[in-house]
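Record features (TrEMBL):
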{"type": "REPEAT", "residues": "56-97", "note": "repeat 'WD'"}
{"type": "REPEAT", "residues": "98-132", "note": "repeat 'WD'"}
{"type": "REPEAT", "residues": "140-183", "note": "repeat 'WD'"}
{"type": "REPEAT", "residues": "419-463", "note": "repeat 'WD'"}
{"type": "REPEAT", "residues": "464-500", "note": "repeat 'WD'"}
{"type": "REPEAT", "residues": "517-550", "note": "repeat 'WD'"}
{"type": "REPEAT", "residues": "559-600", "note": "repeat 'WD'"}
{"type": "REPEAT", "residues": "601-642", "note": "repeat 'WD'"}
{"type": "REGION", "residues": "857-894", "note": "region 'Disordered'"}
{"type": "COMPBIAS", "residues": "862-874", "note": "compositional bias 'Basic and acidic residues'"}
{"type": "COMPBIAS", "residues": "875-894", "note": "compositional bias 'Basic residues'"}
Amino acid sequence: MASVSLKKSYKCVQSLQQFYTGGPCAVASDESFLVCACDEKIKIVDLSNASIKSTIEGDSEAVTALALSPNNNILFSASHSRQIRVWDLSTLECIRSWKGHEGPVMGMTSDASGGLLVTAGADRKVLVWDVDGGFCTHYFKGHKGVVTSIMFHPDPNRLLLFSGGDDGSVRVWDLTGKKCLSTLEKHQSAITSMAISEDGWTLLSAGRDKACSPFTHLFFPFLYLAGQVEKSLIVSEVVNLWNLHDYGCMTTIPMFESLEALCIIGPESPFAASLSSLTYPQTKKRSDVPSINFITVGERGLVRIWSADRALCLFEQKSSDIAVSSGDEDSKRGFISAMLMPASQELLCVTADQQFFLYYPEESEGSLNLVLRKRFVGYNEEIVDMKFLGDEEQFLAVSTSVEQVRVYDLTSMSCSYVLAGHTDVILCLDTCVSSSGRTLIVTGSKDNTVRLWDCQSKACVGVGIGHMGAVGAVVFSKKQRNFFVSGSSDRTLKVWNMDSVSGNNEEVLTLKAKAVVAAHDKDINCLAVAPNDSLVCSGSQDRTACIWRLPALVSVVALKGHKRGIWSVEFSPVDQCVMTASGDKTIKIWAISDGTCLKTFEGHQSSVLRASFLTHGTQIVSCGADCMVKLWTVKTNECIATYDQHEEKIWALAVGKKTEMLATGGGDAVINLTSCDDINMLLVQEEGVLRGQELENALIDADYTRAIQIAFELRRPHKLLELFRELCRKNDMDDQIGKAIKALGKEELQLLLEYIREWNTKPKFCQIAQYVLSRAYSILPATEIVQVPGFKELLNGLIPYTQRHFNRLDRLVRSLCILQYTSAAMSVIQPEGNEGKLEGKDAKLPNAADIDELSDITSVEEEQHHKELKEKNSSKKRKNKSRHSASKKVKGGD
């Protein structure tokens, strides 16, 4: 058998993090990124793959309003602190901030030039600000409630401002005369959205109006067109069209739902092209109403397209793409915002459960169809379980703390579809490709049921009912793939038959259990089926794992030895053994034949929640409550790598059978995709060796500029310190260091400042750090240094230690002055016999050799003097002793 190469390194290649928790959001004009509010932070998200490009730290208060400048270089934000901030997106630095409102800022937008910013507040005020100066140019007051929406007129030549409040009124403000031109009052509730037609003379407003009888809803279009009903009698959810010539209401169109956003369809939009080729019912057009088509979204979660002159709904989605599992109608949460993308004119809708839908119109068989091109999930909650999907493993099925399964496309990290049907949280799932080629998913939930899903039809094809507790573990068979096993908190195992499920089923079938057994004394946490479908292993909170023979679930052996509950079990793909992971922080491998423990792996600092075999059973990957992912070698029991990409418990671990890619998820709502990086690591090591040899050659040739450049590329700060120390000993050190610094790029300059900050913390290296820093400041222009990313933080790290070194040198200089004064004020006494005397200007300080010789002479003289003292003391002791003995003799004689 050929030797198996062990994996040594993994690298995180993709990550799906939470980036939106509800609230404001804004899209760049080139559609390259999306700006979202995530609690008190602001996330900048790449719209191509939902990856977070950067994060802006807030002021510990929830963000209430966001806006982008027309050129996408400036971001405006406001939070509950009432502070308005201006951010430079190139450096992510706050360049200006001020306060102006007495309450939270509820909305903001920039004008076409980017020089003015208007803010709407909960204090009933509308303020216009000069962006460069940061001062208020216009102060408008008149609303009787919170100002909920705000917008400039799109024509820059018409200096008009429109504001809508929760008092149901729309006010038109003249920026030139600084006054209110008109108050438009037709709504009965808060204004949620406003839009202006292409010609700039029609204003559309939408709100959350309520209270209209079903009779009026049913017959309003006919009665209104026939003139049998007055506009003032309608109190329904409506869209009003206003004439901006005389500010009169041209028409009122009932919507029959609370609206959150409306968008006018322009002539160049793909929606307009699709609508032009469709046929509609013959209805009377109103000549006094302009022909405007617009899109509305609201609480029902449906996208609808309307004709203003016909007062007719041209298109309505058949069903909402917002997945709702429970039968309670109150649980339906619709859209909270919508906008037409600036460049592609696709429709972007935001849901109340923090999802982004990107729709594109498509005409098929004479009818309009909205294609959900992308679905980004801004907040996933806690990741409970996940598995790769399909033969090519291009999809990932994820269960979170909700009632649906979300299937992600790994290329774009968008949610391809959602499987809804459970009435409670899904706890576990498993995937397989059946013998007929169908991709299946089985899920277990807190609603005590298991469900079988067909990924092609994206529907539930079977339901298994029978467990009396939450289903915490499910697993498909590995070989025949015609059954699956489930384990529950009712402590039983069930084997479910899938033979009755076929691809032609239109109804959801009731699955039948082939075998049932009371397996454990506590909840069952995990299951695993042997590669040949002959055995199943179950792990429980009762600290045991049991192996059962299939299909009758006959007990084979019980594995006892763990001190805490077992969270994960898996059969080896090559050996007759099974692996268990437990809450006692250990992983164990057991022999199936007699249930003896063969190996124990220790290294996790907390409970091990998942473990799986890698590299044909020669390695193990594990994750746990210590937020760590560890890679083990089975033969040596050695942990060869540890990864800490998560901040909370890692509950889910999926291993690709084909690619052996790792997917992890946990309590931090983050999904990390990790792939083997051994080849890249070898290439990097080989490149590092070659570059290291180039560095040594440059040192031999005394080419310090080249050596410093290579040291920067290799990220070797210690070698760089040695190079600068060597240069400081040269006579032409100023020129050499100057050439080296001038050759640095922007990234290398940032690294140099970071290294100097570290060197400056040590008194041993501070002199070199200060000299290199002074040369950098004297050679490079100040504008270039200030533009270095993170320069402010680097400077804050340099100043305290520099001050400390300065104080130390100051104390040393003072001490030297005292010594100089003392030596000058006192007479210098020299030993007798010395011929050379120090006189006036001819006096010279002794050199180092003289000082060493003088110290040697002094030490010899001290030794001789010490011996003489010892001899004198010993002679004194002898004399005293003889006197003492003589006195004793005299006393004895007496």
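Cβ from N, Cα, C; glycine included.
Bear in mind that TrEMBL entries carry predicted annotations, made automatically and left uncurated.
Because the structure is a prediction, the values reported are computed rather than measured.
Sorting the repeat 'WD' (601-642) by DSSP state (H, G, I as helix; E, B as strand; all else coil) yields 0 helix, 25 strand, 17 coil. Tallying C-beta pairs under 8 angstroms between the repeat 'WD' (559-600) and each of 98-132, 464-500, 517-550 places 517-550 first.
Outside the repeat 'WD' (98-132) by six or more residues, the chain places 24, 64-71, 74, 76, 78-80, 82-84, 86, 138-152, 154, 156, 161, 163, 165, 171, 173, 175 with a CB less than 8 A from a CB of the stretch. Mean model confidence for the repeat 'WD' (98-132) is a pLDDT of 94. Helix, strand and coil residue tallies for the repeat 'WD' (140-183), in that order: 0 helix, 25 strand, 19 coil [DSSP].
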